[in-house]
Amino acid sequence: MTTQLRHTRVGTSAVPRRRIRAKHRKNLIGWLFLLPAVALIATFTIVPFFQAILLSFQSWDGISPDIPFVGFENYDRVLQDEIFWASMRNVLAFGLIGFVVGNSVALVMALAVTRVKRGQAFFRTAFYLPGVFSVVVVGTMFLWIFQPRVGILNTLLGAVGLENLQQNWLGDPSTALLSVAATFVWYHWGFAFILFLAGLQDIPRELYEAASLDGARSWAKFRYVTWPQLAPVTSIVSVLTLLAALQIFGTVQVLTYGGPGYNTMVPTLHIYIEAFTNNRYGTAAAMSVLFGGALVVLALVQLAVAGRRLRR
Amino acid sequence: MRTQPTAVHVRPRHRRAPAVAGFMLVAALLLNGCGSSSGDNSAGQDDSDGQVELLFFNQSRGQEETLTALAADYEEQTGVSVTIESPGPGNYLQDLQSRAQADRMPDLYSATDPFEMAPYFNAGWAMELTSELDGEWEETFSPAAVDLWRFADGNNLGVPEGIYSVHWETALYAMLVAESTGISPDAPPETMSEFTARLSEEDAQFSVAASLTPRLLMSYASNFMTDEELEATLAGDAGWETDAWRDTFQLLIDLRDAGVIASDEIPGGTEDNPGVEQSFFNVRDVEAIFDGTFGIGVQRATAPEFTEYFSTGVPAADNGTHEPRAVARRGRGAVVNPKGEHPEEALAFARWLTEPEQQQVFSDEVGMIPTSAELLDSGSISPELEGFAALAEDAQVLPGAFMAADVEDAIARASQSLVLGEISVEEALAQVQAAQDQSS
C-alpha cells in the first residue's frame, strides 16, 4: 500500500516536488548566507553566555589553571553583598531618569525639529552629535564642566550671580547621581531623537489634515494622531533606552568610579571591579547572571506591555 | 506566473558559486583569524640568523621612552634584541591576563602591586630569584629595597616564600608642600596638628586622591602600630575596629574640621590622582597634597617651571605611640618569565637594567628613587625627591601581608564618605572590616 501510494504521489506530483527541491535550495542558500553571522554569534555570544553561567559556579582568579567548582558559594556571596544591592538601587534611579527624562527630551526635540521649516538637517546633526563622541571624551568634558573650583558650570553660575547654586557636583552625594544621570541623558538622547524623528516623518499628513478638519488642536492631534502612530517606535525606543540606562558603565567609570563612597556605584562597574581588580571571576559571573537575568525579565515585561498597547 | 520562479532560479544559479565561494573564503579567513597559532605572537623568538629577541611588557608610560632607549643600547652591547611593548597603565593588567590565558606571556613584564601579581606568581609565570640575588647582585641594592620585594612564608596571598621581581625604583608616599604655604623644607611641621594649623593660617588647601587614601592612612597608622600589628590587620589576623585604627581614621575628620581639605571632598574616579596633581602642579589652587614619588615625573613633564615645592613625610600624630614610618612600595621593575623561550637572556637583561649605570639613566630621565645602594649613597638624588628618599630607610616593611584590592577600595570609599560626613569612623571601619572578610 505504501509503495503504491508513493508511486502514485511521485507520478502525479513531479512539479510540486521540484518546487519543494527549489524551496530547499533557497533555504540552503539562505542558511549559507546566515552561516557567518550564526557562527560569529555562537562564538562570541552564545558560548560566552553559557561559559559565564558555568563560571558562576566556579572559583577563578583569571590566571590559575585550576578552576574548582564551588556550587552556589558565589551566589551566596552576591546575595550578601550590600554593595551589589546598593548598586542595583542606583541603577534603577539611572534607568528611571534615562527612560523618562531621556525619552521625553528626545520626543520633544523630535517634535520641535519636525515643525522647523528650515535647518532640519542642522538640528538633526547637532542633536545627534553627542552620541558620536567616545564615552571617555564625554567623561573628560563633563569632568571639567562639573569641576568644583574651576569648572565651567560653577564659573557660569558665579558669573551670573547664582553663587548659591554652585555645587560640588560630582563630589556631593546629593548631586553626584543626578550629575552622572544628566551626562548620560545628554550623551544618549540623540539615538532616541533620531528614531522618534523617523517615526514622526512616517505619519501620513492626511491624518493631521483630517484631525484639523475635525477641529482638533495641537494637544488633540498629539494625543489622538501622533502618540498612537508613534507606538511601534516608542516601544522599541523604550526597550533600548531603558536597557542602555540600566547598563550604564563608561559614564560612571570616568566621572565618579561609583563614588563618592558607593553613591553612584552601578552593577556593571561593580562586576568589572570584582573581576578585574579583585580577581574574583566566579563572583563577577554570578553577579552578571543575576543582573543579566533581571534585564532579560524586564525587557520581556516591557515588550509584553508594549505589544498589548500595539494590539489595542 | 510559473515563468517567474524559473527565471528567479536560473539567474542566481550563475551567481551562487561565487557567492558560496565568497562566504567560504570569509569563513575560512575568520576561522583562520580566530585560530591563529600562538607561535605567531609568542615572545622570545630566535629570528632566522639566530639572534635572540625578547619582549618586555611594560606598564609604565613614564619610563617607556627611557626603557626603549636602554633596550637599544643593550642590543648594541649584546646583540640581544628587546622589544618594549607598552599597552598603557589602564590596559596593562587586562592585556597581561589575556596573554596568560592564551599562553603567550612575554619574557619580562612589569611588576605592579603584590595583590595584582600574586595570581601570576602562583601560576608559575615568575622566576623565583632568591638564589640569583644571593651574593654579588644583591649587594648592589639597598637592603631596605630588597626587603620590600620579599614574600614571606605564609603570606596572605598564598605566594610561596621568595622574591619574584627586581626593581630599579622604590616608590614612596609623602606630602608635597608648596613653598607658598610658608612652610620651609628645613623645618617642616613635626606633628599633624602643627601641619594643619600652618595650612589653616595660610588659608592653604590640602588634597589627597581617594585611591591614595589607603597609603595615607597606612602611613598615619604607623604612629599607633608596629609593622607586625599592621601586617596582622592586613592578613586578617587582627581586626580593623580597634582604637589604633579609630585614631588613624580620625585624621580625615580632623583635617575636614580644620577646613583644610580642598572642596571638602576627597576626589574619586579613575583619574583622581592625576586630577589632584593637576590642582597642585598646574592650576595651583591646592597647596599641599599626598602623593607618590611618581608625582615628580608628572611635574617634570607637565609643569617643569614649577619647582617651588618640596617633599616631606606625613607629620607625626600628636597622640602617636610609635615613630611614624612611610609606606614604601616596589616601584618600577621586572618579572622574568621562566616559561619563556629565553629565560636566561631575560634574566640577564633584568640584571643589566638594575645596574647602577642604567639606574642612573632612569633616575635622571624619569625621576625616581633608585634601588641601587651606590646611587643612594652618592647623594645624586634630585632635590624634589630628597624628602621621599629620607623616608626610605625607615619605611614600613610588611612581607607577610599585602593589602587586598577590596580593602583598598573600601578604605578609599569610606574616606570619601567620612569627609562628606555621611558615615562615622565606626561605620567606616565596619565597611573596611567587611571588605577584609570578603577578601579572605
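Using the three backbone atoms N, Cα and C, a Cβ is placed for every residue, glycine included.
Copied from TrEMBL, the annotated features are:
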| type | residues | note |
| --- | --- | --- |
| TRANSMEM | A:28-50 | transmembrane segment |
| DOMAIN | A:88-302 | domain 'ABC transmembrane type-1' |
| TRANSMEM | A:91-114 | transmembrane segment |
| TRANSMEM | A:126-146 | transmembrane segment |
| TRANSMEM | A:176-198 | transmembrane segment |
| TRANSMEM | A:230-250 | transmembrane segment |
| TRANSMEM | A:284-306 | transmembrane segment |
- request: For the transmembrane segment (A:176-198) and the transmembrane segment (A:91-114), decide whether they are in contact, meaning at least 3 CB pairs lie under 8 A, counting pairs 6 or more apart in sequence.
  value: yes
Task: Might you confirm whether the transmembrane segment (A:284-306) is in contact with the transmembrane segment (A:91-114), defined here as three or more C-beta pairs under 8 A between residues 6 or more apart in sequence?
output: no
Task: Rank A:28-50, A:126-146, A:230-250 by Cβ pairs under 8 Å to the transmembrane segment (A:284-306) and hand me the top one.
output: A:230-250
